[in-house]
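Please read the structure below before turning to the comments.
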Amino acid sequence: MARAAVLPPSRLSPTLPLLPLLLLLLQETGAQDVRVRVLPEVRGRLGGTVELPCHLLPPTTERVSQVTWQRLDGTVVAAFHPSFGVDFPNSQFSKDRLSFVRARPETNADLRDATLAFRGLRVEDEGNYTCEFATFPNGTRRGVTWLRVIAQPENHAEAQEVTIGPQSVAVARCVSTGGRPPARITWISSLGGEAKDTQEPGIQAGTVTIISRYSLVPVGRADGVKVTCRVEHESFEEPILLPVTLSVRYPPEVSISGYDDNWYLGRSEAILTCDVRSNPEPTDYDWSTTSGVFPASAVAQGSQLLVHSVDRMVNTTFICTATNAVGTGRAEQVILVRESPSTAGAGATGGIIGGIIAAIIATAVAGTGILICRQQRKEQRLQAADEEEELEGPPSYKPPTPKAKLEEPEMPSQLFTLGASEHSPVKTPYFDAGVSCADQEMPRYHELPTLEERSGPLLLGATGLGPSLLVPPGPNVVEGVSLSLEDEEEDDEEEDFLDKINPIYDALSYPSPSDSYQSKDFFVSRAMYV
């Protein structure tokens with residue numbers, strides 16, 4: 001019986017040992033789809049409130065059995081159980097300061113949003129926190145986030161009053177108090193000094209105070225110069241700039257003004273001024289001369305010396321001495337008294353006035369020229385526009401109508417001499433009013449007969465009864481022909497002139513009487529020639 005109960009190894013199915021392994025792989029594959037989403041870093045201000053987000057993704061049918069928050073060293077900060085609610089086991093992280101944003105102690109609902117809120121953030125709250133979900137049946141899923149506690153510093157800058165000297169000393173100080181992390185301080189200056197920073201604990205635990213001192217060799221020219229303290233911190237959207245005006249104490253630097261090299265005998269109310277630059281301000285002014293003799297007409301009035309009347313005693317060297325808390329400074333001014341006023345100054349003044357007047361006149365002339373040029377250009381543009389309109393439109397010249405032409409007084413015909421007192425016209429002007437000018441074939445140019453042809457035998461008449469008669473030309477005939485040639489030349493010149501004025505006139509021109517005989521059909525028999 002026992003032997004029959006034991007199956008031989010050869011009858012075992014080869015796939016049975018692989019089934020547990022396959023189920024385990026499928027379970028792990030499904031579990032890998034579930035993850036915890038947290039932020040890698042969260043910053044919170046000291047004394048403020050901050051939230052640490054933590055979410056279980058994606059939404060599944062898995063049941064969350066517990067959620068816990070713990071530090072990197074394993075200290076449990078907060079816990080939530082669907083049945084037992086919220087728990088804060090560490091006294092440092094009490095329920096007065098910590099809370100779950102979505103969870104409620106009275107609810108046993110499934111919790112997939114485990115966001116934890118801190119109130120009254122402390123420096124010791126900074127560190128790594130692990131959000132852990134215990135799920136069934138996939139097990140535990142976790143995410144780690146780093147909480148950083150920062151403190152915004154308070155900043156101010158001030159000048160350090162120093163006295164002029166050969167050694168480098170601190171002339172300005174910039175302080176950034178209570179920063180976490182420490183602030184970074186730099187200086188912006190054109191004086192070429194150097195900065196030195198020191199660090200000390202802040203008022204609150206975990207904060208730092210930075211003190212930066214700007215140093216240089218104090219000189220008089222550094223007094224009143226502005227330098228800038230630049231403070232950078234990650235809690236600032238942009239750096240903070242703090243300007244500082246340096247204060248360097250130095251003795252008076254003195255100069256004298258008011259002498260114009262035109263002090264002459266009899267000049268009244270001449271003034272010398274003692275100009276002083278110092279820190280602090282001078283407390284005393286003293287006027288004297290190098291000769292030790294002070295002119296009776298000169299009166300010292302603080303920083304000014306008033307000379308009521310210039311005399312030969314004023315021809316000396318005046319000294320102004322100024323004193324302040326640091327030291328004393330002095331300056332000298334040589335006075336040269338002239339016998340009479342100098343004209344150099346007047347000439348210079350006149351030159352200046354003349355130059356100003358000349359500049360005004362030149363400006364006025366230039367402005368006038370510009371206005372004239374603009375007006376001329378404007379007129380030229382208007383004239384060009386008018387000419388363009390005239391060219392585009394019909395011609396302005398209108399020739400006389402044929403009717404008006406016919407009504408003009410008839411020109412005398414060319415006469416030819418037949419005898420001593422008889423004259424007969426060869427041809428009269430002809431115009432057909434029924435035919436338009438465009439239909440008539442009018443030659444523009446006419447070939448005139450030569451002088452020999454004009455002076456040859458003349459045609460006196462035509463008859464079919466006998467031969468033509470030849471008549472030798474007499475003196476009157478030759479004279480008439482020459483007059484006819486002159487008239488024809490004048491007519492040709494007039495036609496050319498009219499053609500140049502308006503080409504349309506040529507279409508309405510009429511043949512002149514002098515060449516009318518060329519187009520008329522008649523003949524004279526040879527028997528008529530004399």
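FYI, residue positions are counted from 1 along the chain as it appears here.
Here the Cβ of each residue, glycine as well, is placed from N, Cα and C on the backbone.
Taken straight from Swiss-Prot:
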type: SIGNAL; residues: 1-31; note: signal peptide
type: DOMAIN; residues: 32-147; note: domain 'Ig-like V-type'
type: TOPO_DOM; residues: 32-351; note: topological domain 'Extracellular'
type: DISULFID; residues: Cys54-Cys131; note: disulfide bond
type: CARBOHYD; residues: Asn128; note: N-linked glycosylation site
type: CARBOHYD; residues: Asn138; note: N-linked glycosylation site
type: DOMAIN; residues: 153-247; note: domain 'Ig-like C2-type 1'
type: DISULFID; residues: Cys174-Cys229; note: disulfide bond
type: DISULFID; residues: Cys274-Cys320; note: disulfide bond
type: CARBOHYD; residues: Asn315; note: N-linked glycosylation site
type: TRANSMEM; residues: 352-372; note: transmembrane segment
type: MOD_RES; residues: Thr401; note: phosphothreonine
type: MOD_RES; residues: Ser424; note: phosphoserine
Three-state secondary structure, Asn315 (N-linked glycosylation site) (per DSSP): coil
Using Cα positions only, nearest of the recorded positions to Asn315 (N-linked glycosylation site) (Cys54, Asn128, Cys174): Cys174
Long-range Cβ environment of Cys174 (disulfide bond), under 8 Å and at least 6 residues apart: Asn155, His156, Ala157, Ile185, Trp187, Ile211, Ser212, Tyr214, Cys229, Val231, Leu242, Val244
Per DSSP, three-state class assigned to Asn128 (N-linked glycosylation site): strand
Between Cys131 (disulfide bond) and Cys274 (disulfide bond), the C-alpha gap once rounded to whole angstrom: 80
Glycosylation sites compared (Asn128, Asn315) - the one with the fewest other Cβ atoms within 10 Å: Asn128
Inter-residue C-alpha distance, Asn128 (N-linked glycosylation site) and Asn138 (N-linked glycosylation site) (nearest angstrom): 25
Secondary structure content, the domain 'Ig-like C2-type 1' (153-247) (per DSSP, counts of residues): 3 helix, 55 strand, 37 coil
Nonlocal residues around Cys274 (disulfide bond), in sequence order (Cβ under 8 Å, 6 or more apart): Val254, Ser255, Ile256, Tyr285, Trp287, Ser303, Gln304, Leu305, Cys320, Ala322, Ala331
Alpha-carbon spacing, Asn138 (N-linked glycosylation site) to Cys54 (disulfide bond), which is rounded to whole Å: 18
